[in-house]
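Trainee: I grabbed these lines from Swiss-Prot:
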{"type": "ACT_SITE", "residues": "171", "note": "active site, proton donor"}
{"type": "BINDING", "residues": "102, 103, 129, 130, 131, 132, 172, 237, 238, 239, 240, 378", "note": "chitin binding site"}
{"type": "DOMAIN", "residues": "38-401", "note": "domain 'GH18'"}
{"type": "CARBOHYD", "residues": "387", "note": "N-linked glycosylation site"}
{"type": "SIGNAL", "residues": "1-17", "note": "signal peptide"}
């Protein structure tokens, strides 16, 4: 996700992506989109309930087909566990009772279940890992015992907490051994999920997805075709292409490389998508990740030029929520040929790379023209509302909510340890 900084320190050393400056492309005839329609996927982070004041109830649930609840952590044994039990299961929201009999779940988990109950097309997945916790994958993934523990405990959390599947965010396997271990980890999870599905009263298939890299130095190490056998879809992290680790300011989520300023586009979504397809991943299983934030460059004369520092940010230096954009005094530039945009304040010499509504619309065009599986966003707290919503813009560009995947969620969790969830959260 957004926690890619360490891995991206080496990005500027890569060979520039091949030039392609217009929306038409040289794909083979695209496959049909995701069965039943496009996927609309968003990450909800459990720490958003604190300073950001963003809670599950704030989600515009009818715009999404999948919410990825981030993040669970991993012990050396392979055990998957919740990272913040107060936020996840304990916090009492308005309407939650303190004297309710039984062993009950509250917090964001209860609110996620209620969203599903009121929006039967909405699926939720427990996302495991993320940038901060990714170092914890290596040890358990390396042994059969560790992989089994990972699969069994992630499945138990899914059954206890009312999720529709598991999302794995390992950033990133570093060599061939870890890449092979990742395949085996996915296999173990898929087998555990399918075994539970087979004995589940409703026979529902539970989902397995991953957050996948858009940088060649990371995805070229992966066994993409082998991984694909076990995955329902891929959430391609097509952002953080440029940032504080670079020598010049750049676009951080462009679709195509720039022919006029190639130094500003060290990577591109289009190259990653093409490489995944070439490796054997169907286009309709690739969900294009898009940012709901911008990356900043201070003391710069413009895009593709040197900078010094990144300035402030909404919650961390150099990173601004989309809802805080554009800043007063800044002029917005939209480059439709590469599907990228940025704001620049020439007096402050401050540049922020982020997606505008127009560029979000271009990305929706790219998804539809190339038979992709839909769109994904990091992360839900940062969008605007109404006509300025990037999520809403893309969903409308895909044809509206009626064109989204229609696949009913699961509400029956007879093996949950929580009485209220096992009973369907009666009012």
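Glycine is treated like the rest: Cβ placed from N, Cα and C.
From a predicted model like this one, the values you see are computed outputs, not experimental measurements.
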Trainee: Among the recorded positions 171, 240, whose Cβ has the fewest other Cβ atoms within 10 Å?
Mentor: 171
Trainee: For the chitin binding site, please report the maximum Cα-Cα distance among 102, 103, 129, 130, 131, 132, 172, 237, 238, 239, 240, 378 in Å.
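Mentor: Maximum Cα-Cα distance: 45 Å.
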Trainee: Taking only the Cα atoms, work out how far residue 387 (N-linked glycosylation site) lies from residue 238 (chitin binding site), in Å, as a whole number.
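Mentor: The separation of the Cα atoms works out to 23 Å.
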Trainee: Look up residue 172 (chitin binding site) in the DSSP assignment and report helix, strand or coil.
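Mentor: DSSP assigns residue 172 (chitin binding site) to coil.
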Trainee: Any same-chain residues 6+ apart from residue 102 (chitin binding site) with CB under 8 Å of its CB? Would you list them in sequence order, or say none?
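Mentor: Set apart from residue 102 (chitin binding site) by at least 6 residues yet with Cβ under 8 Å, we have 419, 420.
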Trainee: Among the recorded positions listed here, 129, 387, which has the most company in the form of other Cβ atoms within 10 Å of its Cβ?
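Mentor: Comparing the recorded positions 129, 387, the most crowded Cβ belongs to 129.
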Trainee: Looking at the domain 'GH18' (38-401) alone, can you tell me the average pLDDT?
Mentor: 98
Trainee: Other than its own, how many Cβ atoms are within 10 Å of the Cβ belonging to residue 172 (chitin binding site)?
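Mentor: There are 22 of them.
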Trainee: Just to be sure I understand: of 129, 238, 240, which binding-site residues have a C-alpha no more than 10 angstroms from the C-alpha of residue 171 (active site, proton donor)?
Mentor: 129
Trainee: Within 10 Å of its Cβ, which one of these binding-site residues (131, 238) has the largest number of other Cβ atoms?
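Mentor: For the binding-site residues 131, 238, the Cβ with the most other Cβ atoms within 10 Å is 238.
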